[in-house]
Structures are given as structure tokens and as C-alpha cells.
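Scroll down for the structure; my scribbles are underneath it.
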Amino acid sequence: MTQKTILRSDELSCPSCVPKIEKALNALPGVAKAEVRFNTGKIEVEHDPAQSSVEALVEAVRGTGYEAQPAAF
Amino acid sequence: MSNLVSRIRSAFVHPARRRFWLTVGSGGLIAAGLLARYGFGMVEAWTALMVAAAFVAGSDIAIRAWRSLRVRHFSIELLVTVAAVGALFIGEVWESAAVTFLFMFGGWLEARTMGQTRGALKALLDAAPATATVLRDGDPVEMPAHMVQLGETVLVRAGQRIPVDGEVTEGTAAVSEAAITGEPMPAEKAPGSHVHAGTIAENGLLRIRATNVGADTTLARIIQRVEEAQEEKAPSQRMIERFAQWYTPSIIGLAVVAFAVTQDIRLALTLLVVGCPGALVISTPVSIVAGIGRAARSGILIKGGQHLESAGRIDTLALDKTGTLTEGKPQLASIVALGGVTEAELLHLAATAEAGSTHPLGRPIVEAGRKNGPLSTPETLEEHAGMGLSARIDGRTVAAGNRRLMDTLGIALGQEGEAALDRLLSNGQTPILVARDGQLIGLLGMSDMAREGAAEAIARLRDIGIGRVVMLTGDQHGAAEAIAREVGIDEVHAGLMPEDKLELIRKMKADGAHVAMVGDGINDAPALAAADTSIAMGAAGSDVAIETADIALLKDDLGKIPEAMAISRATLGNMRQNLVIALVTVAGLLAGVFSGDVHMAGGMLVHQLSVLIVIANGMRLLRVPKATAPGGRAAKAAATRPATVAARG
């Protein structure tokens, strides 16, 4: 079962981070699709929470150097 | 003690805070190094301190570069790491320390300022309360706002934000709707009123039956719309991104070639440092995010960079009259009965026919008719777009509409009818002619009021450089002229069918004008679609308007039109300024690198400065004044500024 999780970060400062974060998220198990929207700082991930939890997503984004929080919309 | 340890740990887990402290550390080491060398002449200490500074700041950059590399991504961090390590190997400790420090420091500043640019939207996000107080079995229960069930009763006390969309069931309050409509005046809410999530109950105590929660509230939908708009790429942004895709790899290639040809490792490393077109890729998005965010704060929804760009070029504005320039709630002003029919009979017939229609002109007639007793339903009803309607009532044909309808149906007005028509028209009233079985039986005079602030809004539009303001209306000349005079419009096209409006818009465009059309209602749809920019009013209550218009005003306020235009113009200008700044920086840096004037630290400094200048320039859009100040002047002042900035860059 995949679910869609939205993370928000206010730390994205250069669009070069977009492919970096997307690749890091896509490298996680169970992530079907990861999209980073630079202009708004919104990160949309379709993932299987059984394989990669929301915390794991936040951790992966943190690994690339940015803090993000899950958001309701 | 354990408190301190946990604080240090949290500072290192949180990437932004870690980077901040690493930057501070490396800056301190560099300062100490400079002091050691130039204060005390200790060259060894200076070298050691610089290497340490490069390691402190560089460690984070290198780790990020490595993590990206593991997922097969060549990051900017990798370029900087290679350049910094290379500089250490050739003994340029100062360059290495300065490059890593500036990269970290610049990144920190950029993240902060970029966050502020996105801040306009953050205010909207923060308007959505996280928790709600729900009455369950008579007891108040606190819960996350998006977990409230539809139909549940939510309790809102004075000073609280309303957490859901809903209907007031009990209590009254003055509710500030600024978060949704940008309107500072609170609205009175009583049982039966609809309230929106994110608005504030200034006083009183409200019980609200939840009709929409979480992501379904108007506020959430507006936020989603604004974000989609901010993400929608303007044409110029796409062009730049294509350019940027090639820029970085070609700079790396250039560095390799330059080293192969000149054997100058310093030149090659400097090229790597300036290899990120930072200011360029951020130039357009920063303007768009700031411009759309600024507009959203005033209840103006601009649907994307593309529409911002086209709205910034508008020089001609066409407005629908009814419902746009006017309240759209015409009142029944006079009744003229002819040919032996009583006024009551005339009104009853007209009201019965209009009861089946949704045309705004019909409503007051229906209301007036209902006062005299219940209305029956016509047997058949046919609407003639732009003319009126005809119906079968008790076996007789009743037609109600404008003069063209009568002409089309071949109904003669007669002397009496013509005289009454002229009288109504000269009073600026909209006449509705009523005929029964092919015979004119009377006229109804309708009058509509110009919206408050319409004249000021039109004057302001002229101030900001919209040279031509045109009224397009299906209404008669007399009524149109009366409203036009009142609000200060000199070009009036009256008596138009929907396709005539479309034709006029097309003609204006063919003559080279950039046309915006303001309207509501189905009869404006073709003209709205044909215009370069379509503007819909009063969109807070209508999803259709939010979906279809290029610019949606959440409130019925004509003053928002000049404000939206001023913001668009300022944004378009801002985007151009940023492009110039970025291109001049890139060109200047490359020229400087090859002429030997720019070295690694200098290159990094100029690069980071240009990014900050571009962001700071974009942030000025957040301060585009509210409707009152003429935007033309602000735009002009802005246009002269970048020249000096660019020269410095």
C-alpha cells in the first residue's frame, strides 16, 4: 500500500538541491515517486510506509543537508 | 549538564543549525589565522588555522557531496569539495578556507532570506489552526483540526481561529476574514452564516457545524492553488533551466580543457568554484514566489508565473458592467403598464416567466412578484441569450426582455411603448419589455448601483498605466452610459451579445493591445477565454472562478484589480532585473577568471553575493504597496535601481 506524504522545508536555497533530494528519496526502499518543489519548499513522496516510514523520509532529506517536517497539506 | 549535551547533539543533528555552528567555527578560525599572521607574523600558525578552518567548513560540504555521489548525483558540493581539496594540495590554504567558509555562510544566508520570501504563504499556512474544540455528548474535546468529523459541532471562543469550514448554528460574532479575502473589516456572523477555516472570531462564542475539514476547507484549497501557481513555471524560467542544465557541465568541461591547455591548476579550480549558475537559476523563481505570495496576502490569486508575466504586460482592460462594475443586484425601479393591463397583472406575468431563469435581472422581479402572492411555474421556458426569455403561461405566450427580443419576435412597441422606453432609458434604467401573445403590455425599469470604490479603482488603473479602460455590456446604452459616467469610463460598448464581446476582445488583440477581461457569469466566458488575462471576481464562494480565471479576486472589490496589475508589473520588472543581475554576474565572473582578476575566494564571494542580491531584490516585491499607491511610480523607481546593483556585481 503506497501512501502520499507531504514534507515541507524552508531551507531549500538553490534549485540544485532538487535532484539531490529526489535521488536520495528515490533510493529508499518502497518509494514509488518523490517530487521536490523548490519554489514552495514542498516535498511530495509516494511511498510504502511499511518499507520506508515518514521518519525515514525525513531522515533521508536530512542526510542531504535539509530539515523537513511532515505536513497535512 | 545532560541538558547541554542534548542541546549540542540537537544542534548537530539539525542540518541548518549544524551548518550555522560550523560556519561560525570556521569563521572564528579564519579570524584567528588572520590575526596570527598579520598581528604577530606567525605564518605557521596561520597555515594551520586556515587548514583547520577549511576542514571545519569543508567537512559538511564533503559529506553532502559524498552522499549525493552515492545516489549518482553530481552536486555543486562536489565541485566545491574538489576545488577546496585542490587548493590545499597546491598550498593555497587561504583560498581553500575562504571558499568553504563563504560557501557555507552564503548558503546559510540564502536559506534564511529564501525562507522569508516564501513567508507570505507561510502566513496563510499558519492561519490554519492545528486543533479544534469539538462538542461530543455535550463535553468539549480537543482534537487535531483535520480529524473533526463532518456535521460535528465545533466550539470557537473569542480570539480563536475557526478550525473548519462550516455553518454557524448558535451564537454571533464579528469574524475577521483577512486570511481569506484580505478584507480588514470583520463581518458579522449569526446562525445560518457560513464561516471559513482560518478566519478569526474577534468576540462572542460560536457553535459551528463542520461542513469541510482539513484539506477540503477553502483555506486549504487556496493554499494549494497558490502553491501550484508558484510552482507553475514561467516561460522565462523554463528557458533558464535549459540554459542551466548545460551551463554546469560545460564549465566543468571548460575547467578540464583550460587545465589541459594552460596547465594552470588555479584557473581550473576557480572555474569549478564559479560553476554553479546560482543567481541565474534562482532569479525567476524568487520573483514569482514573492509576487504570487504578495498577491495572495491581499486575497488575489494569480494562477502562475505565466499569468504574472502576461498580466504585467496588460495595457487595455475590458470590464463587464453587471456584477462587476455594479453590485449586480438590480432593483425594480419602475413599472409602466400599457394597453389596459394592471400593474399587478404585468408584474405577476413577468415574475412568473422570470421565476424559471437565473438571470440577475430576473431576481428582483421575481422577489417583487412573490410579495403579491405565490407564483405558478410556466409550462415552457426558452432563454434567448443576451435578449431575454419567452414562456408559456396558462396557454399564452409571454415574452420578457430587451428591445432586440421584441424586434426578433416581431412585436411592435407602438407610440406609447416607445415613449415609455425613452423615459426609462433617459433615467439610466434598464428596461425589460413584457409582451403577451405578441402584444406589448408594459415595461419594467431596473436600476443597478455602481460598486463602492469603482471610480477610484478605474482612476488608479489609469495611474498605473492601463491606457484604455473599456466597458462591455449586454445592457442598453442608457444604463451603460449612466454607470460609465459615474465611474469614469469613456469607452462603452453596450447592447452586446456574448459573441460580440468575444469579437471586440479579438479585435483589440489584433490591433496589438494586451487585453485583460474582468467579468463573471456565463455570458462573459467566451470573452474571458479570449483575453490575454482573465480576471474573476468574488471567487471565495465559487470554485469555478478559482479554477478557470487566470487571476481570481477572492473578494468583490474592484480596488484589487489595480493592485493585481501593480503587483504583476512589479514582478515582471523584478524578474527582468534579476535576469540582468544574474547574466552580468556570470559574464563578469567568467571574464574575471580568464583575465586572472578573479581567484577562488573572490569568485565564491561574488557568486554568493549575486545570489543574495537576487533574493533581496525579489523580496522587495513583498512590499509592493496596497492599492493606494500608484504602482507605476514604484515600478519606475525599481527599474533604475538594478543598473547600479548590476554594475557592482
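For all residues, glycine too, the Cβ spot is worked out from N, Cα and C.
Mapped onto DSSP classes, the domain 'P-type ATPase A' (B:128-227) shows 20 helix, 43 strand, 37 coil. The annotation domain 'P-type ATPase A' is assigned in TrEMBL to B:128-227.
Feature annotation from TrEMBL assigns transmembrane segment to B:20-40 (among others). Here the transmembrane segment (B:20-40) has Cβ contacts under 8 Å with residues 11-12, 46, 49-50, 52-54, 56-57, 59-60, 97-98, 100-101, 104-105, 108 of the same chain, all six or more residues outside its ends.
Positions annotated as transmembrane segment by TrEMBL: B:97-115 (among others). Here the transmembrane segment (B:97-115) has Cβ contacts under 8 Å with residues 16, 19-20, 22-23, 26-27, 29-30, 33, 50-51, 53-54, 57-58, 60-61, 80, 83-84, 87, 273, 282, 286, 600-601, 604-605, 607-609, 611-612, 615-616, 619 of the same chain, all six or more residues outside its ends.
The transmembrane segment annotation in TrEMBL covers B:243-261 (among others).
Annotation comment: TrEMBL describes B:267-293 (among others) as transmembrane segment.
The transmembrane segment feature in TrEMBL is assigned to B:578-594 (among others). Listed by sequence, the residues of this chain that lie at least six past the ends of the transmembrane segment (B:578-594) yet keep a Cβ under 8 A from its Cβ atoms are 236, 240, 247, 267, 270-271, 274, 277, 279-280, 283-284, 286-287, 602-603, 606-607, 610, 613-614, 617-618, 642, 645-646, 649.
The transmembrane segment feature in TrEMBL is assigned to B:600-619 (among others). Distant neighbours of the transmembrane segment (B:600-619): 83, 87, 92, 94-96, 98-99, 102-103, 105-106, 109-110, 113-114, 116-117, 266, 269-270, 273-274, 276, 278-279, 282-283, 286-287, 289-290, 574, 577-578, 581-582, 585, 588-589, 592-593, 642, 645, 649; these residues of the same chain sit at least 6 beyond its ends, with a Cβ under 8 Å from one of its Cβ atoms.
Outside the transmembrane segment (B:243-261), and at least 6 residues removed from its termini, the chain residues within Cβ reach (under 8 Å) are 76, 79, 267-269, 271-272, 274-277, 280-281, 586.
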